[in-house]
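Visitor: The structure is given below, and queries will be raised subsequently.
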Amino acid sequence: MEPGPCSRPAEPGHCVSGPAGAGSAFPESPLSVAGAEPGNRPGTVAAVLPAGGCGERMGVRTPKQFCRVLERPLISYTLQAMERVCWIKDIVVTVTGENMEAMRSIIQRYGHKRISLAEAGATRHRSIFNGLKALAEDQPDCKLTKPEVVIIHDAVRPFVEEDILLRVVLAAKEHGAAGAIRPLVSTVISPSADGHLDHSLDRAKHRASEMPQAFLFDVIYEAYQQCSDFDLEFGTECLQLALKYCHRKAKLVEGPPALWKVTYKQDLCAAEAMIKEKISQEICVVMNTKDEESVGHLLEEALRKELNCMKITSTVMDHIGGDIRNFIEQCYSFICVNVVSPDSQETRKLLRILEESSLPLLYPVVVVLVHCFDFTSVPLAQKMESLVWIRGLAKEVKERNILLSGLLLNYSQDEQKLQESLGQSAAIIAALVKERNSALVGQLLVA
């Protein structure tokens, strides 16, 4: 077993609670375990995440749990979701011996906490059993405390929420075993030996078994201890083991749509899209004047029209280092508006604060430098030449996961042309924020 570091920067979760910290993009969950009635408290809880799969169905050499999503291993997102739930005391991840060092590197690089490692077995059930042994007091090398309840969850289901974790844990405390379920999407059929339809299941009467699942530790550990070699080799359903060997009928808990499992290549694209959507929900507009009539405020209004579902806040450049730190706790997109001239000193100050926040360690941060001038007063080519420093700066900060680009806005005296330029600027910024395309880093775009 390998304990992970005990602290890390916070980051956006999916309606999960935990200590607030720099980089927390979403509000804490309304769940309050500390103030709950005794019967509604989870008790001592640990989690086991089997991560020894080889990704055969995905058809890639890299096991899917280590495939990168936005330049970060998929399993890191799952660990993030679990460790932000403060009442989960220990998280045991089972990985193959050949991937043990890679897993240690992930824990160290992304500052994951409360993580211990155990070696995976040859099958899913054997891996889970090894994870349970890491928590069992009857094992001579056990360094962890046996929990009252243990959660079993897939390393490739990164969008698990605290609400469903709490509900399955409380159900497990009452019934001994519990698991999340979802409605069947497709009808399940049984083929005959010669490849013809034998019978089909009534979709309305059946459900898909999902993760997370939770058990009284003594129940599931006893089930695995009694488990036959056949079940350990070919079984896949933990709830069935609790029923078969400990006679505990699991309580089935309806789960949210986000419980889906990353299984195929296209699922990685879907996961990336969901993560991008989560971290693109807020934009901070940094401008160099408080004047309500300034182009910065006009651009802010244009962004509100373009992105009517996003939260858009603003601050003044003079406040960088003060108010801006409050925005950093919630925001992954910054639009810096400079009407008069490029002010690289203030820009570098903002970038330095972002780097010190450790925010870019976990997610790509978008920074767009908007420079406003009347295209009729200064030749566009001349203006672009004066901004070549943006490319060098963008290349420098890209190494730290900050995606910086420039935008030239036509600050025309003609009201119609100005409104057109503001609309185009808002559309360009929206695309940069939503897509987070590293290929556009250092580019000077024109609206």
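The backbone N, Cα and C atoms fix where each Cβ goes, and this holds for glycine too.
The site 'Transition state stabilizer' feature in Swiss-Prot is assigned to Arg57, Lys64; the stated evidence is similarity to another entry. Residues or ranges marked as site 'Positions substrate for the nucleophilic attack' in Swiss-Prot (evidence: similarity to another entry): Arg203, Lys261.
Each of the listed features needs to be described in terms of its position in the shown structure.
Guide: Of all Cβ atoms in the protein chains displayed, 25 besides its own lie within 10 Å of the Cβ of Lys64 (site 'Transition state stabilizer').
In the three-state DSSP scheme, Arg203 (site 'Positions substrate for the nucleophilic attack') is classed as helix.
Less than 8 angstroms from the CB of Lys261 (site 'Positions substrate for the nucleophilic attack') sit Asp154, Val156, Arg157, Glu210, Met211, Asp267, each of them six or more residues away in the same chain.
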Visitor: Please report the distance from the Cα of Arg203 (site 'Positions substrate for the nucleophilic attack') to the Cα of Lys64 (site 'Transition state stabilizer'), rounded to the nearest angstrom.
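Guide: So the alpha carbons of Arg203 (site 'Positions substrate for the nucleophilic attack') and Lys64 (site 'Transition state stabilizer') sit roughly 30 Å from each other.
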Visitor: Check Lys64 (site 'Transition state stabilizer') against DSSP and tell me helix, strand or coil, would you?
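Guide: Helix, per DSSP.
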Visitor: Going by DSSP, is Lys261 (site 'Positions substrate for the nucleophilic attack') part of a helix, a strand, or coil?
Guide: coil
